[in-house]
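Each remark here refers to the structure printed beneath this line.
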Amino acid sequence: MPLLSSSKLSMESRKEDSEGTAPAPPQKKLSCQCHHHCPEDSVNSTCSTDGYCFTIIEEDDSGGHLVTKGCLGLEGSDFQCRDTPIPHQRRSIECCTGQDYCNKHLHPTLPPLKNRDFAEGNIHHKALLISVTVCSILLVLIIIFCYFRYKRQEARPRYSIGLEQDETYIPPGESLKDLIEQSQSSGSGSGLPLLVQRTIAKQIQMVKQIGKGRYGEVWMGKWRGEKVAVKVFFTTEEASWFRETEIYQTVLMRHENILGFIAADIKGTGSWTQLYLITDYHENGSLYDYLKSTTLDTKGMLKLAYSSVSGLCHLHTGIFSTQGKPAIAHRDLKSKNILVKKNGTCCIADLGLAVKFISDTNEVDIPPNTRVGTKRYMPPEVLDESLNRNHFQSYIMADMYSFGLILWEIARRCVSGGIVEEYQLPYHDLVPSDPSYEDMREIVCIKRLRPSFPNRWSSDECLRQMGKLMMECWAHNPASRLTALRVKKTLAKMSESQDIKL
């Protein structure tokens, strides 16, 4: 076995030990006691050597003490008898040459345990110190990075969609119409790419507020000189924002009688958040606003009615193909949620409550939204809570009831015989300006009343047919109501009979 330790010398050689040297080698053969280190030809645990006798004690892996005795040859023994500490190993050796069997009386002792513990503890202490130092430096660097990033954000304008120099993804000269046509021709059919939407949102300049409702505010803005409408949702209306964005980006959703979707984005920091929905801008405003200030001739009435039901028909119709469109019900149809274009046609807006029909699973995808529709336009099955929420056709028929009321609003503003009524909301003469569920339930469900027709309608064929049409839309029994497609075809025939091109 290798012996790489030094000696504690016997009495005969203590002087040499104090000087750091091994005892002088014997002049003749020396007999030594051997134990655990006996040569094969040894007799009675005895060995002979021309060098030294030794005794060594060492600690094994289990913590026990192992004593070994034997002979060291002259060559190299001087080095082996020197006590050189070995890291992580406790051992000690003593050598002697004074007389035969002198190692019988050698009793080396192990070095104190505290020396090793101190060394190991010192190493652990250094490792801990280094680790703490490195972690502290990293933490300081992270804090500095976060601080400068925060200051950089704070230095930006607080106006959430101020003009920024971020036109990387939209080449100069591209109009909104160009971008939308490109997205449609690309085959995705689900609107502009998200990166383009975010870029547009950043570049919009807010001009003036044009409306405010329970969901938030509507602003007129500009993007590269083009007017756009920016719907800014309250943070409490995030579900409506998400749902409306999702519906607008449904494949094959774009239609001339559905409000044109441009972009959606979320702006803000940890302390404030704003939700934007950017759409086409229509300066005539809602159908409600338009009817309050504008009277109609027969052509104008039919254009408003036909274009509105065309948008509703597109919503209600599912398209089955590799990139199909699900059938969608609006659930909050009213004159304030229909916009009037410059050309006198309508487009349907505000899809925050819309539901989709998943044809693959035959399920209704209802938004997780606490908001409900407008009580004045609610059908009887919603007011008396008899609507089957798991049957998609129930929502379609509920939309048709609401659309019947919208037809009534439009028809009242059509001039016939030089007579026209002031604009009024449905049931204006039967319920308060802000009716409760109970008010509407009593009128619509219990008394089964509907808006009344002016006497002049009976003397005008077109208005008479309109009256018949709306009655078939707001029938008490949902199954008896006309579909949007049926209403669309009827209005088309009425236009032909009046020689009116829509």
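Any Cβ shown, glycine's included, is placed from N, Cα and C.
Because the structure is a prediction, the values reported are computed rather than measured.
Per Swiss-Prot, ATP is bound by ILE210, GLY211, LYS212, GLY213, ARG214, TYR215, GLY216, GLU217, VAL218; the candidate from LYS227, LYS231, LYS267 named for the same site is LYS231.
In Swiss-Prot, the annotation region 'Disordered' applies to 1-27, one of the ranges 1-27, 82-108. Listed in Swiss-Prot as the disulfide partner of CYS53, from the options CYS32, CYS34, CYS38, CYS81, is CYS32. Among the candidates CYS71, CYS81, the disulfide partner that Swiss-Prot records for CYS47 is CYS71. If you average pLDDT over the domain 'GS' (174-203) in this model, you get 66. In sequence order, ASP350, GLY352, LEU353, GLY373, THR374, TYR377 make up the list of same-chain residues 6 or more apart from ASP332 (active site, proton acceptor) whose Cβ falls under 8 Å from its Cβ.
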